[in-house]
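**Student:** Okay, handing you the structure first.
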Amino acid sequence: MADPPGCCRPCSTCLLCLYSCRWITAKKEKMQGLRTTKCDCSWFLFLFFVFLFTLVWLYIAIIILNDFHNFNEFIFKQQKLWLDWSLVLLIATAILITYSAVLLVLALCLQICGQPLKLHWLHKTLLIITALVVAAAFTGLGIQWAEEWKSARISLQATGPFLHIGIVGGMTLLAWPLASVVYRTRNTGLKVFLLFLYSALMIALYLAPLGITSPCIMEENQLPPKPALVGHRGAPMLAPENTLMSLRKAVDCDVQVFETDVMVSADGVPFLMHDEKLTRTTNVQAVFPERAALNSTAFNWTDLQQLNAGSWFLERRPFSTVQSLSHGDRVQVARQKIPSLEEVLGAAKENNISIMFDLRPENHSDYQSFVNATLQVILQSGIPLQQILWLPDGFREQVKHQVPGIQQIYGRKRLQDENEPLLRVNLPYQDMSSEEIRQYRHDNISVNLYVVNQPWLFSVLWCSGVSSVTTNACQVLKEMKHPIWLLPSSTYLMIWIVVDCVSFLMILWAFLLLKKCSQRRRPAESETDVLLTKINSLMQD
């Protein structure tokens, strides 16, 4: 088979070497009569689907970065090993997608150059391993972290219009190797099948925007106010979580609410701590090694004050932002102690921010005494009660009766037979659709969603009309003056039409150009076939 115009023999030889893992020139390939078999075509299809499979996983991996700190905490609780596993995930995914993408590009170039697709057994083995690894990743995600599928669905509201443009572009480029196959093969049935399948896919893609919805497709004057920021345990990317320094950093980020977790010591002092054990965020293993495995509530306040609540932040670097801390901040971090609720309420009162907290552990036998101790500290602090957002469900009616001025916030959606109307709800961002957010906003119900760290997610919730979001990245979201993108429907319609028209013209050009090239090759191939026939006849004579 003659090399097409613009495809030199050295290039064909290099492509064959990389794809087939053997050095064979195009001339030797012709002499050996190597051709693409049905088995080779099957492996090419497998390669194509592995690439798509890995590409989808790359998209999912980028989406779940918003919640990956929770995964790091989960691994630490199970294995006592702290590592930023998001880097491992992204590096491994990048290797897999790069490998499959390079192989796919080689295969498409070989097809355009008219060379056989003889995939080496080593590449076949690695492709199978890639498919198994990605399948295992999807399976693990579905079993251990199923709520991330909801995150992926929400992400489509942010990326849908752009994914559509990207997929149309990719399918448009696929017209070149497809046209090459159509003009080279003599199987009419295969030609009809490929053209029908490709045409059906392109028509579906051209019409896909009819089913794409996003809250950010709206007019500028319809954009709701920017959601307020709630600091998740303060500003945990800038200071150790649940410390006074974290509260002050959150105030610097214009956070309106400090979200935290409260426990009560063995001698009745409420203090800030998220985990039931002290091992992750203190040096308890060094100070009290024989008691490190005990619950946080088993320690009295004197013991808790001996612990350092900041050194772990510098040692484990839970966020990449730790590296950029100034010397002064590092010194301050190293001095952090576990704060009492009384200290935190005083700081909140001084800085005029609200505080929202959970009271842990909910299943403790002395939980009612925890509630009483917490209420006593609140009343003694002198903080305005409207700055307290009470989240615990346990003994909520008692709290309403004893301290009616405290603001109640619920960790559930409203019920149809609600005794009294809800004014505030606090839910995972996966649990509320854009339509529900708009309805709650219409009914004057304040909606706070957690935990929102990525700008794309914040933009979607902003466009949806959410009241506030709980975030680890207050320093990032503070700087956002506008959603990442906002398109009027008329502008999106124009983009849709232009993209479809350009794609159609490029596909038409690819088929016409390759048809012209194939017509030029046919006379040369015919003359070569006649010459080879004559030589063969002479040799037989």
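Using N, Cα and C of the backbone, Cβ positions are placed for all residues, glycine too.
Sharing the record's features from TrEMBL:
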| type | residues | note |
| --- | --- | --- |
| TRANSMEM | 43-65 | transmembrane segment |
| TRANSMEM | 85-113 | transmembrane segment |
| TRANSMEM | 125-143 | transmembrane segment |
| TRANSMEM | 163-183 | transmembrane segment |
| TRANSMEM | 192-212 | transmembrane segment |
| DOMAIN | 227-481 | domain 'GP-PDE' |
| TRANSMEM | 493-514 | transmembrane segment |
**Student:** Six or more residues beyond either end and a Cβ under 8 Å away: which residues meet both conditions relative to the transmembrane segment (43-65)?
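**Tutor:** For the transmembrane segment (43-65), the far contacts come to 71, 86, 89-90, 93-94, 96-97, 100-101, 103-104, 107, 117, 119, 124, 127, 130-131, 134-135, 137-138, 141, 145, 148, 151-152, 155, 454.
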**Student:** Using a Cβ-Cβ cut-off of under 8 Å, list the residues of the same chain that are 6+ residues beyond the ends of the transmembrane segment (125-143) and lie near it.
**Tutor:** 46-47, 50, 53-54, 57, 60, 64, 92, 96, 99-100, 103, 149
**Student:** Limited to the domain 'GP-PDE' (227-481), I'd like the whole-number average of pLDDT.
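**Tutor:** When the pLDDT values over the domain 'GP-PDE' (227-481) are averaged, the result is 96.
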